[in-house]
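Participant: Structure below; questions to follow.
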Amino acid sequence: MDSRLYVVTGDAFLKGRTLESVIRAAIKGGADCIQLREKDYTGRQLLEAGLLLRRITAEAGVRLIVNDRIDVARAVDADGVHLGQSDLPLQAAREMLAPGKIVGISTHNVQEAVEAERMGADYIGLGPMKPTATKLDTEPVVGPAGVQEVRRHVRLPIVAIGGIKAEDVAEIIQSGANSVAVVTAVIAADDVEAAAKRIRSIVDLERGARV
Ligand code: 3NM
């Protein structure tokens, strides 16, 4: 599952703007994967947001991933799910999802990354890159050095996450990440499209420079 700019939702950062307008702007700026992640939503709210995001992402040819909720992913025909270490295990997701759907796993160290690859994940999230206020129960900082270490042990696409701002992106991609995932750096930006464009252009540049 290759991506370049993976944007994760966070409705606390919409600042009165609609989810639709913010995600449309993020996609216009170069987001190529959107994850619906709203830990405080009811099932019904998730379904509603998921249907909206499915419409927008399908129109744009962008992937939609649902965090944790395999049932919601199925209900909205998302492209896949993203699972944390304490969510349902990967095999359970595979059994519930149609063939070809994407399963990503959150990892925080080499051991979790290797295990995710062994179990057949399509990509790994790896974080946090830096301390972040967006997710309060994060593991110790992995950082670019952690990306380098994990890169030596897995072939799967690595999506770096956690506290990433535009100025961090070059080093993270140089360390071996395929992609960056962000909440606030894009969703909380005053100019969402410009913020996405800036990050996407750095990812493109650094990936192009990779030997
Ligand atoms: N997962 P921001 S950090 C959803 O480390 C999530 O696994 C993380 O938000 C992890 O880009 C995080 O605003 C929040 O820092 C990322």
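Placed from the backbone N, Cα and C atoms, the Cβ positions cover glycine too.
Automatic prediction, not curation, is the source of TrEMBL annotations.
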Participant: Of LYS15, LYS130, LYS135, which does TrEMBL put in the 4-amino-2-methyl-5-(diphosphooxymethyl)pyrimidine site with GLN35, LEU36, ARG37, GLU38, LYS39, ASN67, SER106?
Facilitator: LYS135
Participant: Would you please pick out, from the binding-site residues GLN35, ASN67, SER106, the one with the fewest other Cβ atoms within 10 Å of its Cβ?
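Facilitator: ASN67, out of the binding-site residues GLN35, ASN67, SER106, has the fewest neighbouring Cβ atoms within 10 Å.
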Participant: Compute the average pLDDT of the predicted model within the domain 'Thiamine phosphate synthase/TenI' (5-186).
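Facilitator: Mean model confidence (pLDDT) across the domain 'Thiamine phosphate synthase/TenI' (5-186) is 97.
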Participant: Of LYS39, ASN67, ASP68, ASP87, SER106, LYS135, the binding-site residues listed, which put a C-beta under 6 Å from ligand 1? Please answer none if none do.
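Facilitator: Cβ under 6 Å from ligand 1: SER106, LYS135.
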